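Here is the structure we will look at, set down as structure tokens.
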Ligand SMILES: Nc1ncnc2c1ncn2[C@@H]1O[C@H](COP(=O)(O)OP(=O)(O)OP(=O)(O)O)[C@@H](O)[C@H]1O
């Protein structure tokens, strides 16, 4: 897939291996199928000729031919499988990597409306399906067309009216079998990929929200949803298989009809003596072998419909370009953190979420100096998290946003995130031990440094009680409390040493006393030279922040001085 692939056609072109790698498979596939037809033709000739009891010398060339074609058929088939799969699987790997590369700029805010099962389905099942384009569509179509044509020419040399009959039978069979396959299986084939995604969605939803489902007694309902999706998928797969079996049976019937037609056409020649017995056998039996090869044509049509449906789904999961609301990834990252200089500044900044009609932040002016601690308050839905996502360049900022002397519009978003870091509202913890959860912030950190970072955020005693850095945190931090997850996330951010740290609602879900202690620990752990933008629903203890700003309905109302008292009521 190229970097600009967004139409199904472009996805399909990207799924085809380069000709220099794939032509071996085409050639070997053709040679194998041509050998199969030649084997039957030579065998038929040999058996009938042998029954005439000629001197054995007349038969020896045919005997060698039978041996040669029997061996070459299997050898070329093996070669075709080897080279075809090698080319297709290599292409598959690069297709999947390209797809992931194109999804990365959309994360996290460009994927909010995309269901996880659809992305998973596109990345796993649909990309897997694409390998069938070279293997089950192009290769069988090319080799069976060439072999069928070659067989018609061969029969024409023996008895031309039989060649014309074979050609007509092949054309009629191609039309009938393909139409039958389309009429009986197309709907099921197109339904399979979306049904797989629906099942993946149902399973992911079930596992991801098992606690809520259990708490509300809705688990059985969710399991029913999975069972329903599974039954629908199974039903579609059975319908597809039935359609394929029906098509195969039809092709066998048509093969028999072609042989009978060949007998009828060749009979006058045999009766008049212009067609010898061995030649008659060739004319009558070759259609059988040709039809065996040709059976892959309706199967290729069926594979094509599924490949096309998968290509459409992949194209659908990738917008033509990342939405304009996301920070543009047009500048290559340098890997160097932009200098903070005199701080970060937003001027007349407007920020929108993808697909939202109205901006979530409007005309915001905000300056954060190095080492400054700024509390951002506001009611639910006012735009606080939007500010956090704009500051770390997940969302694009219309208007000005400078880091030190440079505008972020001349910097790569990845580079900006080396200077401005985010501890998100629901920190992502991986189902690994604590060490691994910290090391991905700085993989060169020693155990002593990791423990020191955990000590700074008040997790020292907890760490020792858990048995050290090898303790696991569970899937998405299931084995730690919300406050502990926030502390681990902060320890991770401290290891990175961001000059500006945005803490988005670190006390969400923590009781009031615990929240004061958590905030004091978090802000106490951050170095004096690090600026902090603290987003919070709740008041913060005196002396923890230098300045407070309030966001209301997407507009920022600046106020300076210490944090307001609880009586002033920050949160609705
Ligand atoms: N992914 C999204 N897509 C579209 N709109 C969104 C998205 N996330 C938030 N919004 C909208 O943007 C506006 C601001 O939301 P935001 O999350 O910034 O509020 P908030 O002040 O952080 O609220 P809370 O304190 O409840 O977390 C809201 O109207 C919200 O509905």
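Just so it is clear, glycine is given a Cβ too, placed from its N, Cα and C backbone atoms.
Caution: TrEMBL annotation is automatic and unverified by curators.
Per TrEMBL, domain 'ABC transmembrane type-1' is recorded for 23-306.
What TrEMBL lists as domain 'ABC transporter' is 344-571.
If you look up TrEMBL, you'll see 22-48 (among others) marked as transmembrane segment.
The feature transmembrane segment is assigned by TrEMBL to 54-71 (among others). Outside the transmembrane segment (54-71), and at least 6 residues removed from its termini, the chain residues within Cβ reach (under 8 Å) are 35-36, 38-39, 42-43, 45-46.
Outside the transmembrane segment (141-159) by six or more residues, the chain places 26, 29-30, 32-34, 37, 41, 166-167, 170, 265-266, 269, 275, 279, 282-283, 286-287, 289-290, 293-294, 296-297, 300 with a CB less than 8 A from a CB of the stretch. The transmembrane segment annotation in TrEMBL covers 141-159 (among others).
The feature transmembrane segment is assigned by TrEMBL to 165-183 (among others). For the transmembrane segment (165-183), the residues of the chain that approach it from at least six positions outside its boundaries are 148, 151-152, 155, 243-244, 246-247, 250-251, 254-255, 257-258, 261-262, 265, 286-287, 290-291, 294, 297-299, 301-302, 305, judged by C-beta separation under 8 angstroms.
Residues or ranges marked as transmembrane segment by TrEMBL: 248-267 (among others).
What TrEMBL records for 279-304 (among others) is transmembrane segment. Packing against the transmembrane segment (279-304) from elsewhere in the chain are residues 33, 36-37, 39-41, 44-45, 47-48, 132-133, 136-137, 140-141, 143-144, 147-148, 151, 154-155, 158-159, 162, 166, 169-170, 173-174, 177-178, 180-182, 185, 189, 240, 243-244, 247-248, 250-252, 254-255, 258-259, 261-263, 266, 269-270: each is 6 or more residues past its ends and has a CB under 8 Å from a CB in it.
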Mean of pLDDT values spanning the domain 'ABC transporter' (344-571): 84
